[in-house]
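**Q** As annotated in Swiss-Prot:
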BINDING   12-18, 40-42, R304, 330-332, 412-414  GTP binding site
BINDING   D13, E14, G15, K16, N38, A39, G40, H41, T129, R143, Q223, T238, R302  IMP binding site
BINDING   D13, G40  Mg(2+) binding site
ACT_SITE  D13  active site, proton acceptor
ACT_SITE  H41  active site, proton donor
BINDING   T298, V299, T300, G301, R302, A303, R304  substrate binding site
Amino acid sequence: MANVTIIGAQWGDEGKGKVVDWLASRADVVVRFQGGHNAGHTLVVGNQTYKLSLLPSGLVRGKLGVIGNGVVVDPVALLAEIGRVREQGLNVTPETLRIADNAPLILPLHAALDAAREAARGARRIGTTGRGIGPAYEDKVARRAIRICDLAEPETLDWRLDELLLHHNTLLAGLGAPTFGKAELMDQLLALAPQILPFAEPVWERLAEAKKSGARILFEGAQAVMLDVDHGTYPFVTSSNTVSGQIAAGAGVGPDAAGRVLGIAKAYSTRVGSGPFPTEQDNETGRLLGERGHEFGTVTGRARRCGWFDAALVRQAVKVGGIQGLALTKLDVLDGMTTLQIGVGYRIGGETLPHLPPGAAAQAKAEPVYETIEGWSGSTRGARSYADLPAQAIKYVRRIEELVECPVTLLSTSPERDDTILMQDPFAD
């Protein structure tokens, strides 16, 4: 059976939740392989609306959920999220959710350091969610992280906490922030251990068995390619790799397990927080897109910045992310707009570039090169076949395919799960 990997092709918030939910109903296993509880999905199933940040989306469809070792896990946030969905009738148990025993933990000191650093940056703040994701990844790379498996070994926790506090308390004190005590953290971790450890296992074994048995595996990415720590708009990025290649390291599977890679992109562009956004419309057009698209972050509640579709940016995401097909969402938001613009490149100091350069100063100076395309007066909302779309809307989609050098294989025309036009089944063998 074919596997599918879903990743964002812009700066996140592309509508991955709906597409993941739609595909999860046909998968056997749904796997998170990077990120933490800093990105959210909103899923509507029947009369229930689920807001997930850490749990794999497939759980709401009764599928096995797996959190891989590439995810940084806040145990308090995880248990709170499990509690919320249980109150909604979703029974999350160790039989339905498995977590990599070597996944790093996010502790309260990580969030404290995150907040203290952002405050110290002032006008140069990155715009993190303040949930400790970055500091937790730093500890993983520096070999001082506390991992889920350590919860079973108090003697290991003892010396790991010494190393962790030496580093973090030094930084916190230097930033004028309160420091942490070892005894309190130890008590918290020992209290969490019996609640977290029943979910833990070497998930690479389970995924190897799933692959061997022919199960369909859906790998669920968080954030998006242009927030990738290597390939995104650095330093205004997340702290993990978000491209499809990350599933091998972040889930403990071989690179061939990715299967078909589906990138998700809105029919326009949005971004939360700081960072370059060449096609941003800080005007009435941007406000109109935000109002129509209900552009507020699931996790932060922050209003998203809005602008025209940036084909040069998405083309870059297609190439570095290994994207083989594009799911285009929120096409209906553009209904009734007489003229549309598509970013096709960037102008920097008289030079035109087909891609966004890596340098922060160059990115800040980048001015978009636009191609103008006629809009449409009819409605695309709720369309479930190409025959239901206005001719000009089809032309818009076709032009995007040409510019990003990737076929649009799925179109979403409303938040409703079934308002989807499928041109190519990503699970097809």
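Cβ coordinates are placed from backbone N, Cα and C, and glycine is handled just like the others.
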**Q** How far is it from R304 (substrate binding site) to N38 (IMP binding site), counting Cα to Cα, in Å?
**A** 15
**Q** If you compare CA-to-CA distances from G15 (GTP binding site) to each of the binding-site residues N38, G40, T129, A303, which comes out shortest?
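**A** For G15 (GTP binding site), the closest Cα among N38, G40, T129, A303 is found at G40.
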**Q** Counting only residues 6+ apart in the same chain, whose Cβ is under 8 Å from the Cβ of T413 (GTP binding site)?
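**A** The list for T413 (GTP binding site) reads L331, D332, T380, R381, G382, A383, R384, D419, T420, I421, given in order along the sequence.
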**Q** I need the most crowded of these binding-site residues: G12, G15, G40. Count other C-beta atoms within 10 angstroms of each C-beta and give me the top one.
**A** G12
**Q** Among N38, H41, Q223, R302, A303, these being the recorded positions, pick the one whose CA is nearest to that of K18 (GTP binding site).
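**A** Sorting the recorded positions by distance from K18 (GTP binding site), the top entry is H41.
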**Q** Quick one, of the recorded positions K18, H41, R302, R304, which Cβ has the fewest other Cβ within 10 Å?
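**A** Fewest other Cβ atoms within 10 Å, among the recorded positions K18, H41, R302, R304, is found for R302.
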**Q** Of all the binding-site residues here, A303, L331, which one's CB has the most other CB atoms within 10 A?
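**A** Counting every other Cβ within 10 Å of each candidate, the maximum falls on L331.
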**Q** In whole Å, how far is Q223 (IMP binding site) from T42 (GTP binding site) when you measure between their Cα atoms?
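**A** The separation of the Cα atoms works out to 14 Å.
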**Q** Counting every protein chain present, what is the number of Cβ atoms, excluding its own, within 10 Å of the Cβ of Q223 (IMP binding site)?
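**A** Cβ-Cβ neighbours of Q223 (IMP binding site) within 10 Å number 28.
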